[in-house]
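Trainee: This is the structure I have questions about; it appears just below.
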Amino acid sequence: MDVVIGTGKGFFPLESDLIEMAQTKVHRNKRQVTILIIWMILWEVGSESIQYSVLEETESGMFVANLTKDLGLKRGELAERGAQVVFKGNRQHLQLDPQTYDLLLNEKLDREELCGSTEPCVLPFQVLLENPLQFFQAALRVRDINDHAPEFPTREMLLKISEITTPGKLFPLKMAQDLDAGSNGLQSYIISSNPHFHVLTRIRSDGRKFPELVLDKALDREEQPELRLTLTALDGGSPPRSGTTEIQILVLDINDNAPEFAQEQYEAQIPENNSLGSLIITVSARDLDAGSFGEVSYALFQVDDINQPFEINAITGEIRLRKTLDFEEFQSYHVDIEATDGGGLSGKCSLVIKVLDVNDNTPELTMSSLTSPIPENLPDIIVAVFSVSDADSGQNQQIVCSIDDNLPFLLRPSVENFYTLVTEGALDRESQAEYNITITVTDLGTPRLKTQHNITVTVSDVNDNAPAFSQTTYTLRVRENNSPALHIGSVSATDRDSGANAQVTYSLLPPADPQLPLASLVSINADNGQLFALRSLDYEALQAFEFGVRAADRGSPALSSQARVRVLVLDDNDNAPFVLYPPQNGSAPCTELVPRAAEAGYLVTKVVAVDGDSGQNPYLPLPEVAAVEARADPLTVYLVVALASVSSLFLFSVLVFVAVRLCRRSRAASAGRCSGPEGHFPGHLVDVSGAGTLSQSYQYEVCLRGGSGTSEFKFLKPIFPNFVESYMIQTYSI
């Protein structure tokens, strides 16, 4: 492959051409010096862009260039910076080798398909590098090969020439077409050997070559009424290709005048969006002969031209549109018109039609790169790189890009038709985590056409928010003598970040008072902030204490905040030797050792609250209360008296049984502790049952260490606050 350095304003010869030029201009022993000077001049002039050259029809995957070397980059830098090759539109003619990042041919190229008759055929492209963003201008020149032969529109042409035509008369012929360009295109015409005609190769205004037949010797119809000649078109390839057609010449009797057009060349303009059938222009020719020799008919000379979108009325000479025009495909047309009289003589004129551009192409946006998500708290982040184009021309091709004003993003124009979308300052994910951005590309034509491209950009989280407690100070109240591991309250903190940055863990801070054994008093659940009392608290020993808690997230680096917790211990009046615990079953164990010199007995009064629902409440009224309620009924009174007698007898039996049991445990009492495992009373010691309204069994366990006298303690409050409708009071002397 050949590489040519250029400025983008013109193109320089390839290396083989330069060598050939140098060889023809300088002496052999000075050739290398001259070539070196020429290359140095070309490098200075064309340092702005790189041009690569390939032959058309080259197989895909063919090596084009070492892009790393041509751009002056380090090995592997193209891969590190995310290199891309960007052509106009969506067609990629070149590709980068994923391993070596050499420039390879992506597809087989057809110069005639890509550029038509335009020469040279140059496809500009950009090499886009990211991180940091950088552009390199380059171009790919597709060189023509001689893969097409000239072709005539018809295999045979018919000419009618009067026998009185004088030598030197010119007869235009239909030209051949060759899709190749440059030296491979059509170059000349030749005609088979004959005594009457030779052919000339002419060039018309659009550069195309056409043949003209020249009469060298007068014709004689009586001698030869018809001639057949072979017209050959040659291109400049090596070897040359050719195409032929047959010319049939009919020699006519005298028709003195050929039709003549009012103008040799007509010009017209037509917008590309004109409707089919619309009138473009009317041409006119006249013939001075009379009769059928003076009657003129019109025809398009090159009617089989594949790009011919026009038709002519054979009688009126009106030329109308028969095929839709596209300014982006063809900007002008050169049409040849022939007028023929009844005697077969003809005249010719040319019509140049210029197509006017109409804003009928919407702008195109090609996204080269898009970065999402993007981190918050960082300014000037390149979010997207894209290019815009418009197939129209002039004002219709000028483009304006925009986005909504209320978005924290900016559009910045880059080289040529490239733009970058960047952040305007730092973004805050907690304020908005996602942005829907509409890029609007509008041309400046009339009417204005636009294209909208929607992209979604998400903002990734950065750990920039510390957890925040719902309160700066928490006050908790705990009644003394609590059970260990009691849940006494909770603290709560939230973090506005997301993911691991929002996951909060709780911990206790070292106490301000080093004498406070915080680690043995409370603990905190690291996941949910629940606080627990690790041991039973004593109001007389510790009425209140404070400590700090910390909430930290799991981000990197981790952020945290603190709050204060104050715990108030509530007095439970626990100086009595007995306490009702647990309150559900009515047991009254000792809370401390009773000295032998203390009271010989205690009067225990138990209060049971009843909520009035006998179906659900296990604590029913005592017999004394039932007797009062039945006092109005004599029968009820007798029943109550009988029940009281039986109960008294049963109670006396129980007391005797208790006395016997106490004597048996005198050794345990003298040791200073109550009988039973771990100082607790067995649950089956005394079973007091009654008839009538006292259907629930109660157990009372008492342990004394000796002495005489009486004392009493009473529970005057209901065990459960909702049992408020009635109370049952029993008093026992011990």
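Cβ coordinates come from backbone N, Cα and C, glycine included.
Annotations per TrEMBL:
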- 153-261: domain 'Cadherin' (DOMAIN)
- 262-365: domain 'Cadherin' (DOMAIN)
- 366-469: domain 'Cadherin' (DOMAIN)
- 470-579: domain 'Cadherin' (DOMAIN)
- 637-660: transmembrane segment (TRANSMEM)
Trainee: Going by DSSP, how much of the domain 'Cadherin' (470-579) is helix, how much is strand and how much is coil, in residues?
Mentor: 8 helix, 48 strand, 54 coil
Trainee: Using DSSP, how many residues of the domain 'Cadherin' (366-469) fall into helix, strand and coil, respectively?
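Mentor: So the domain 'Cadherin' (366-469) is made up of 4 helix, 53 strand, 47 coil.
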Trainee: Tally of helix, strand and coil residues over the domain 'Cadherin' (153-261) according to DSSP?
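Mentor: Taking the domain 'Cadherin' (153-261) as a whole: 3 helix, 54 strand, 52 coil.
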Trainee: On average, what pLDDT score does this prediction assign to the domain 'Cadherin' (366-469)?
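Mentor: That stretch averages a pLDDT of 90.
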